[in-house]
There are 2 protein chains.
Amino acid sequence: MSRKRLILNGFAMNTVSHVYHGLWRHPDSQQIHFNDLETWVELAQLLERSHFDALFLADVIGIDPSYQGNWDTYLRGAVQVPINDSSTLIAALIGATRDLGLVFTSSILQDHPFNFAHRASTLDHLSKGRVGWNIVTSVSHNAAQNFGFERIVAHDRRYAWAEEYMEVVYKLWEGSWEEDAVRADRRAGIYADPLKVHRIHHQGERYKVAGPHLSQPSPQRTPALFQAGASYAGRAFAARNAEATFIASRHPEGARRLIEDVRGQVRRAGRRADDLLFIQGLSFVVGSSEEEAQCKARELDELLCVDGLAAHISRDLGIDLGLLEPEQPIDELEVEGVQGILRFFEEANPGQRATVADLARAYAGTRLVGSPESIADELERWQDAGIDGVNVIYQTLPGTFREVAEQLIPELQKRGLAQREYAPGTLRERLFPGRPAHLNERHPAAAQRRRG
Amino acid sequence: MSRKRLILNGFAMNTVSHVYHGLWRHPDSQQIHFNDLETWVELAQLLERSHFDALFLADVIGIDPSYQGNWDTYLRGAVQVPINDSSTLIAALIGATRDLGLVFTSSILQDHPFNFAHRASTLDHLSKGRVGWNIVTSVSHNAAQNFGFERIVAHDRRYAWAEEYMEVVYKLWEGSWEEDAVRADRRAGIYADPLKVHRIHHQGERYKVAGPHLSQPSPQRTPALFQAGASYAGRAFAARNAEATFIASRHPEGARRLIEDVRGQVRRAGRRADDLLFIQGLSFVVGSSEEEAQCKARELDELLCVDGLAAHISRDLGIDLGLLEPEQPIDELEVEGVQGILRFFEEANPGQRATVADLARAYAGTRLVGSPESIADELERWQDAGIDGVNVIYQTLPGTFREVAEQLIPELQKRGLAQREYAPGTLRERLFPGRPAHLNERHPAAAQRRRG
């Protein structure tokens, strides 16, 4: 019996080192050429040839001195710095692709919602409806300090801010131009009907925006909405607003519990449980045999930079692990996000206490190592736990993606787990087969539409 | 004797109707397809085949009800609305071109300088140094109201704001990363030297920006700087900051006076007179004979929409010409910008008093109509008056550009007035032959560099 397909995204960042720090030094890695368009065109076309759903670009807008009290580890190891803007790269890839979804990240800190909505509509027009937006609120004090704040605003207040931001962009995308406002009638000399274009008159706590939106309605109007926050407020936000959420569970059972919880929140927000897709972050090492795969994995791990991983986790969690000894057990740390990783470590290593180095290695996420068949078996267990798709985390770029494309995807296609061709339509129509290009009526954006 | 070449830019806007309003209805016009990437790829490649220096995209970020007290004329005639973001389109054209300069417009209103600098560096990296920024401060009340203001701030205060904006972006582009900060050394495992990357610690009236810049130095560091303001404060700003300024003189003599005046300001700002290039906006109708050209011009003029032109001028000047009768003489109007046009009209039509319709038609700018030879002769007169180049204003897109490329440029090349191939290097090196890719030491941005 053939299975439902998994959504597959290539997960990357417009920088040298995204998650598996240190591996930019590997000979298969082109990451030091991240400033060059050619690097990304090659990747995007590789993904498209294998019918990946999207290239998903994460982003950050600050660098904090979070490890050993300084920023040295970040800059030396190029841990997400230097980094270039993700939406600009996405724009540059439109012409090099035809079907691939193009998902960029933009924080509510970095762009005013009027300007942001305008740029996103431009991307959606130029790509004929292939863009997605990964909504983030930023966790970095330096990000805040780059935009005039003393430090990042508190977590819950950030999500209240995000809700107003969404209200503004929904009004612009959904409520400003009626569906039949544009006539483009050369003979009559009428491009648009002035009575069918509307100001939005937004007046909120942070924003005052008059409108109208300056772009006419794009294929999706609102780009496909992604979100990645794992905090309580982040999940509640995703349950209300997102169409796909990025999760980083350690094992299928953890994913199952998380998905059940969030699907409940989705229903309580007045949406259908399947209005939100769950995309699990996973990495892969594929070999023709288990042994070959394990051997390749060990070779990659030799280049892994534990300091870089510890710096990454320190920034994300707001605790400077560089002030602890690498071999110091850290089971006493009372930080949200760490406990799950520690529990996972202890289950896998009974009787051992995790050190900083263990935690750092585990933070890179779950990696499936094996033959195409054994990895496909494992992916079926993840699918049975409820995930809708996978963000493929690279170890080397484009090495990991080439390996997945050439060795794993044919096995997934055989089982129906991966698509063999693109369905027609926009990114939203491809993610939700049988549904329209625009957000459905249960989504809060629909409330901003004008009734005819 | 061969002449110095003229810089040639294709001047356009990511919208239906840019300057010659009404002509989007012409069968040669593809402007109603402005939402499609293909339209712009075709244009950019046409410009590149003829060795144009750059595609120069103007932009606006608001629509005011400035004509007959409403916005109907703008929307019906698509007078710069709907409009998509210019920098996003420029990004999408990088991969479709190799040598063409790509100049976009961004207002200090629309983007925070930290985010803006980051996106501009991304564009400069991806294009290998081919981008230019047209710096604008916005004249529209609606633009201000889209970004939280009650109305546009006063003209002189806008330019003070612009000076701080420039200070922030100069610090990020020129002062944050030392030239040899990036080592990208795989073997040593060192990507960047943490001691050679610096915060900017900007604290000004409007902005507080910590830094560091998130992109490593791009080929030009600071993109080539363009400016278009014709007001006194605008010219003073250009004299200090710009490398090329867009002028819209009515005849060579007017250009000569203007250029002499601004060159004096450039010198008083501590720069060399030739540190600022003057790019005149001109349109063309080329025929194999004078008669054929005049006949084509008349045919185009039949589609010209005087209401659209009057709406455009009303927005730019802040006076609602729609409240006057089209045939009403308007020589009594005391508005900066109108007097020059009126003087020009009266010189050309002795004894006649200009009406609203006359003013509107004249506002589209100077158009050279004739055979390739007679237009080239006229361009020599403009060059003798001191202009360094021309922004080619289209009537139909790509019709005007195709006509200029096929009929006029060969004649200009014969005279040495147009280049036959691209010089190597970045946009800045091509605009200023023999000079380096970075801003010179006389430019205010140089003061933000760190001395080794």
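Quick reminder: no glycine exception, Cβ is built from N, Cα and C everywhere.
Whatever TrEMBL says is automated annotation, not expert-curated.
Between the candidates A:Ser2, A:Ser218, A:Ser231, TrEMBL assigns the FMN site shared with A:Asp59, A:Thr105, A:His155, A:Tyr159 to A:Ser231. Annotation note: A:Thr105 (FMN binding site) sits in a strand segment as assigned by DSSP. Taking the Cβ of A:Ser231 (FMN binding site) as centre and 10 Å as the limit, one finds 16 other Cβ atoms among all the protein chains shown.
DSSP assigns A:Ser231 (FMN binding site) to coil, not to a helix or a strand. Pairwise Cα distances among A:Asp59, A:Thr105, A:His155, A:Tyr159, A:Ser231, which the record gives as the binders of FMN, peak at 19 Å.
In the three-state DSSP assignment, the secondary structure recorded for A:Tyr159 (FMN binding site) is helix. A sphere of 10 angstroms centred on the C-beta of A:His155 (FMN binding site) encloses 14 other C-beta atoms. DSSP states for the compositional bias 'Basic and acidic residues' (A:433-444), grouped as helix (H, G, I), strand (E, B) and coil, give 1 helix, 0 strand, 11 coil.
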